[in-house]
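Encoded as C-alpha cells, the structure appears first; notes follow it.
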Amino acid sequence: MNLSIAIPAMVNNTAPPSQPNASTERPSTDSQDYWNETLKEFKAMAPAYDWSPEIQGIILSSLNYGSFLAPIPSGYVAGIFGAKYVVGAGLFISSFLTLFIPLAANAGVALLIVLRVVQGIAQVMVLTGQYSIWVKWAPPLERSQLTTIAGSGSMLGSFIVLLVGGLLCQTIGWPYVFYIFGGIGCACCLLWFPLIYDDPVNHPFISAGEKRYIVCSLAQQDCSPGWSLPITAMIKSLPLWAILVSYFCEYWLFYTIMAYTPTYISSVLQANLRDSGILSALPFVVGCICIILGGLLADFLLSRKILRLITIRKLFTAIGVLFPSVILVSLPWVRSSHSMTMTFLVLSSAISSFCESGALVNFLDIAPRYTGFLKGLLQVFAHIAGAISPTAAGFFISQDSEFGWRNVFLLSAAVNISGLVFYLIFGRADVQDWAKEQTFTHL
C-alpha cells in the first residue's frame, strides 16, 4: 500500500521549486515559520516523475508479476519444513527492499519494477506460508474467526499506511513513507522469530489445557503434510476449481480497489494528499472490522448448527460479491457528492469482507492436509488477477478520464459475478477423497 498512497505525490509534486538557501535567506523568528521552511526543504527534495497512467498501472501491477512462480513452492516448503522461517524470511526481504524504493524510482522505471517483482515474491512467502500454521493451530469450529482475525491485519495495515502516508507525503515528502514503514517491517521481524511456533505441541508458553484442546480438536483431521501430491485428482476436482476461479475473480476487484482508491479519491474528488490518505483509509478500517465480525458470525452459525458449512460458505460469498459489485458500478453516478462516494466505497469494502469467511477460506475445508500447497496455488490465481487488473484499469483511465472509471468498475463487477456463479454451482465444503488417501498419481 505504500506505493498506492505515494504515487499521486510521485507524479504530481505540488511543492515549490527547490530553494537550497531558503532556511538561511530570512532568519526565522518564529518556531512555526522555521518548521514550515524545513518542511518545504524536505518536500523540495522529493522528486516528481513524468509517468503516464499506463506506466503507473504497470508499476502498481508489478508487485504481482513475479508472484506466479513463488506461491506453490513456498506453500509446499512451508507445509513440509514449517512456516516460521518461510514467513519470517519473506517479511524481512519485503520490508528491507521497501527502504530502497525511492532509490530505485530515481534510477528509472525498469529498476523500480524489478524491485517490486522481488518484493512481490517475498510477500507471497508471507501470504502462503501462514496458512500452514493455521492448519495446525485452528480448531475446526474456530477456523473462520481465527483466520479472519489474522487476515484483518492486512486491512489494518492498509488503513494505517493510508492514514499516515498522505500526511507524510504532504509534509516531509513521499520517500519517507517507504523509509518509515520499511523500518517498521524490519522491526516486526524481531518479534516474529522468537514468538512464533509452527505447532502447539512445541510451544513453550501456552497452558497444558489449551494445548490439549487444540490437539484433540484436530485429532480427527488428517492435516499432516506429505511429500507427494495427488496432482491428477486435483486437476479433475471441480470444488477446487470453484475456489480457484473465485480467488481470481474476487482478487481482480480487490487489487483494483487497493491500487486505485487513493488515485480515485485524489483525481475524482480533487482531494489533497493528506485528505486523500485519510479518506482512502476509511474503507480499509471498516473492512478490517467487518472481516473479524464475518468470521465470528460464520463460526456462530456453524457451532449452533443453524446452517451447514457449505451453505455458510456460499451465502457469505454471494453477499460479499453481489452487493459490492452493484455499489461500485453505481460509483460514477454519485461522483458529484463526496459523502455519497465515500459511503459507497466504505460499504463496498465492508460487505466484500464477507468473502473471507466464504470461498476464500474454503480450501481449508476440502483439503486440510494440503493447505500450504493449495494456498500457494490459489495465490497464483490471485496474483494473475493482480497483475492484470491494475494494468487494465490504467489503460481504461488513460483512454478516457471521465468514462474510464465507469469501465473499470463495470469490468470488475462482471468478472466478480461470473466467478460467483461458478462457485455457487461447483463449490463444496466436505473433505475431498483425494485429500484423505494418497491413492492417485503423484508428483
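Count begins at 1; order follows the chain as displayed.
Quick reminder: no glycine exception, Cβ is built from N, Cα and C everywhere.
Noted in TrEMBL for the protein shown:
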DOMAIN    1-431  domain 'Major facilitator superfamily (MFS) profile'
REGION    11-31  region 'Disordered'
TRANSMEM  85-105  transmembrane segment
TRANSMEM  111-134  transmembrane segment
TRANSMEM  146-168  transmembrane segment
TRANSMEM  174-197  transmembrane segment
TRANSMEM  238-258  transmembrane segment
TRANSMEM  278-303  transmembrane segment
TRANSMEM  315-334  transmembrane segment
TRANSMEM  340-364  transmembrane segment
TRANSMEM  376-397  transmembrane segment
TRANSMEM  403-426  transmembrane segment
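Within the chain carrying the transmembrane segment (278-303), a Cβ under 8 angstroms from the stretch's Cβ atoms is held by residues 4-5, 141-149, 151-152, 155-156, 158-160, 162-163, 166-167, 257, 261-262, 265, 269, 271, 309, 312, 316, 342, 345-346, 348-354, 356-357, all 6 or more beyond its ends. Sequence-distant contacts of the transmembrane segment (174-197), counting only residues of its own chain at least 6 positions beyond either end whose CB sits under 8 Å from a CB of the stretch, comprise 2, 5-6, 9-10, 42, 46, 84, 87-88, 91-92, 94-99, 101-102, 133, 161, 164-165, 168, 203-204.
For the transmembrane segment (146-168), the partner stretch with the most Cβ pairs below 8 Å, chosen from 111-134, 238-258, 340-364, 403-426, is 340-364. Two recorded stretches are said to be in contact when at least 3 C-beta pairs lie under 8 angstroms, sequence spacing 6 or more; the transmembrane segment (238-258) and the transmembrane segment (85-105) fall short of this definition. Sequence-remote contacts of a segment are chain residues at least 6 beyond its ends whose Cβ falls under 8 Å from one of its Cβ atoms, and for the transmembrane segment (403-426) they are 238-239, 241-243, 245-246, 248-250, 252-253, 256, 260, 264, 268, 314, 317-318, 321-322, 324-326, 328-329, 331-332, 335, 359, 389, 392-393, 396-397. The list of residues near the transmembrane segment (340-364) in space but at least 6 beyond its ends in sequence, with Cβ under 8 angstroms from a Cβ of it, reads 131, 134-135, 138, 143-144, 147-148, 151, 155, 240, 242-243, 246-247, 250, 253-254, 257, 261, 265, 268-269, 279, 282-284, 286-287, 289-291, 294-295, 297-298, 312-321, 323-324, 327-328, 330-331, 334, 371, 374-375, 378, 423, 427, 429.
Same-chain residues lying 6 or more positions outside the transmembrane segment (315-334) and placing a CB less than 8 Å from one of its CB atoms are 246, 249-250, 253, 257, 294, 298, 307, 340-341, 344-345, 347-349, 351-359, 403, 405-406, 409-410, 412-413, 416-417, 419-420, 423-424, 427. The average per-residue pLDDT of the prediction over the domain 'Major facilitator superfamily (MFS) profile' (1-431) is 84, rounded to a whole number.
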